[in-house]
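**Student:** Per TrEMBL, domain 'Ig-like' is recorded for 1-76, 94-179, 184-268, 274-363, 365-454. The feature domain 'Fibronectin type-III' is assigned by TrEMBL to 467-565, 570-667, 672-766, 771-861. The region 'Disordered' feature in TrEMBL is assigned to 751-782. The signal peptide annotation in TrEMBL covers 1-18.
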Amino acid sequence: MASSWRLILFLSVTRCLSELIYSWVFNEFPSFVAEDSRRFISQETGNLYISKVQTSDVGSYICLVKNSVTNARVLSPPTPLTLRNDGVMGEYEPKIEVHFPFTVTAAKGTTVKMECFALGNPVPTITWMKVNGYIPSKSRLRKSQAVLEIPNLQLDDAGVYECTAENSRGKNSFRGQLQIYTYPHWVQRLNDTQLDSGSPLQWECKATGKPRPTYRWLKNGAPLRPQSRVDTVNGVLAIHSVNQSDAGMYQCLAENKYGAIYASAELKILASPPSFELNQVKKTIIVTKDREVLIECRPQGAPKPTISWRKGDKSVRGSKRIAILPDGSLRIVNASKADEGKYICQGENIFGSAEIIASLSVKEPTRIELTPKRTELTVGESIVLNCKAIHDSSLDVTFYWTLKGQPIDFEKEGGHFESIRAQASSADLMIRNILLMHAGRYGCRVQTTADSVSDEAELLVRGPPGPPGVVIVEEITESTATLSWSPATDNHSPISSYSLQARSPFSLGWQTVKTVPEVITGDMESAMAVDLNPWVEYEFRVVATNLIGTGDPSIPSRMIRTNEAVPKTAPSNVSGRSGRRHELVIAWEPVSEEFQNGEGFGYIVAFRPNGTRGWKEKMVTSSEASKFIYRDESVPPLTPFEVKVGVYNNKGDGPFSQIVVICSAEGEPTAAPTDVKATSVSVSEILVTWKHSKESLGRPQGFEIGYWKDAEPEDSAETVRTRGNESFVMLTGLEGDTRYHLTVRAYNGAGFGPPSGEVSATTKRHPPSEPPGNLRWEQQGSQVSLGWEPVRPLANESEVMGYKVFYRQEGQSKGQVIETQKPQAVVPLPEAGVYIIEVRAYSEGGDGTASSQIRVPSYSGGKITSAQSTVHSLSKWSSVTLLLALMLPSSSW
């Protein structure tokens, strides 16, 4: 058994704050020592502690120091660890080798880590406690509880902490004090200050911190010494009767052993003679009799000027009507003519004096007359309000109009309002096409430079009622709904009646419904809507009417569905449809969801052979169904049946439609078309003809032609259909010189008949691709002679049968064609103008490629001869030159 030893490996490292991280390499990099309850690396000293050495610990140890800021690394020389053979260490009680200081100081808000590790055999267990308190819940134990970490330190985390190491041989403990300090922090700062010369100053700055901060004062960066006028007590600076020498920058310094903070402020000393702002120097005040007058006097100066008033040459003294206010202003109440005159305010201090002059004029008060005072109008009518002012003739007046206390914006009122100023002392307000919203109190305010007076008039506007209140559906049946509502506003005209309107998914908007009672008078607040459709969702609203008209509707009620009922509407347009042999196809127009009256809606189809008594009935459960097919192999084609279609839902069976007679299907055609022929018409067309046997059962509605290429299977056939009794079709869009196979079969609503026998045809070979060349022309009078080289087809092209000469007047879309078997032709030019001419070869495969176009002018007299090559060389000229060349006689070229 290996011996047990305790071991401490030391490393000497210069530590820089908390930027170094220690770890130990075991034997070789990167095999690191793993920390546990037996092994511990102190991040304070860098030492490695092994509480109980084991055989597995033997080896070489290297200390690795890493700078967490620069990531630089340093390795120590290797330190070997061997076991002694001279004895075995027995069990012993723990011995604390690593512990935090007796006093730990840390700043508030930071994280503190306290280490505690012990040697011992058996390996000790570490526990922590806070004396006279609890370890903070935010704390974390790391490295097998050898490190207590407390983040975000607060003042109440301070105290005595104890770590205990314990094993079966005993225990040992260590205590230390955790002290939390805080940097100074401002609670109250200084503010820049302006004072009049001679005024007192008191500045106070307050800061918190642990330990409590002390204060020092500086002026312009130098310590401030107490003087006869200057006192500094803690954070308070007091200066008695400041003067210009006290002006400057002051600093309050709050500091404790962990830091210092500064607060700065500027002190300005004001010293100036009295002065007034320019707008106060000379002004005129106009008031009306018995009003209050306030003449302001606020001179600027330092020290604050003293104020005195005089009227003319006499000092103004206070009385019951006249008072000098604390701010220096002069107040006169119940002004009269005797108070008119010039008032002088003088401000004075040790540096000088200044004064202002105010002229006071007292006028007769303005009066106002607004007519009419109260008027009732009907929506759409117009009115004029007249506002007349009785005022001092020396004063100008301005009129302002308001509605319900708000100024009338004549630009935004849609042309309803117009202000008319016919005379200097009166104004009219024209209100055109008045609306309900224009009812209310109208104000006219007359403003003069001396006073302002106003008056009001009331307009009542009669109009259609407002919308009734909330509509409530109180009871619902399959065809009725009982509604109630709150009365509508009558808008000054009694409500004569109400009407109910309903809307459903099937209606075109809102529809007036029948009611009980039939007429709903204006004093009623409930009624019943009748003749509603069962099982339909409805919304309801109410509309009120008076002598003026009908108002806006109420807000719609909540959507509600009427109760279910037996259906009452039978299907319409019951008829027969074509089908397969032995089928009876019955069709009808489905009943709209509006009239299905409930869930589980479907159809009952009843039918019987004509002349029999018993009905066969079949259920069709789909409400959207419009067709039923009855198949019976014993039913011959075109057998007449009596048919009717009924309806049902979960509430029961509804009515049947009227009985109609329809016939069973005649079946698909039974005979194939005969005498089928296919004739090649052109390179891309084949004409197909046939005959149809009248003895075939199942009348055809048309024919289907299938065609496919010789090298392709019949399954790939394309089809073309005809309708009616047509017996031919032209197949187009085919490939040239290609053999096609074709069949024809009849069809109707029941299906297809048998196909005809297969026939074949080969499309024509392609027309010549070479255009007529070396086109020559000679013009004589009103005609032109053309000539060209013959076209020679290629081996896979059809033989030339002749040529077509196309000619037309320039600017026209239609032209004429001349056919010839020879490579020459004479083209008439009956009218004056320019003709465009081109030539094509044609064959059984169609027309070939066109020659180049030539442009020939038509005129009388003269003779022109040209070759195509000459025309091509002429095409290099400008269009003007070419046209002139064509129009000149040949002798002029």
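Cβ atoms are placed via backbone N, Cα and C, with glycine included.
Predicted automatically and left uncurated, TrEMBL annotations should be read as such.
Mind mapping these onto the model and telling me what they sit next to?
**Tutor:** Mean pLDDT for the domain 'Ig-like' (184-268) in this predicted model: 90.
In terms of DSSP helix, strand and coil, the domain 'Fibronectin type-III' (672-766) has 3 helix, 51 strand, 41 coil.
Through the fold, the region 'Disordered' (751-782) approaches residues 580, 668-674, 676-686, 690, 696, 698, 700, 704, 706, 710, 734-745, 788-789, 791-794, 796-798, 800, 803, 823, 828-830, 837, 839-852, 854, 856, 858, 860-869 of its own chain, all at least 6 residues removed from its boundaries and within a Cβ separation under 8 Å.
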**Student:** Using DSSP, how many residues in the domain 'Ig-like' (365-454) fall into helix, strand and coil?
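**Tutor:** The breakdown for the domain 'Ig-like' (365-454) reads 3 helix, 50 strand, 37 coil.
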**Student:** May I have the DSSP-based helix, strand and coil counts for the residues of the domain 'Ig-like' (184-268)?
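**Tutor:** Going through the domain 'Ig-like' (184-268) residue by residue, I get 3 helix, 53 strand, 29 coil.
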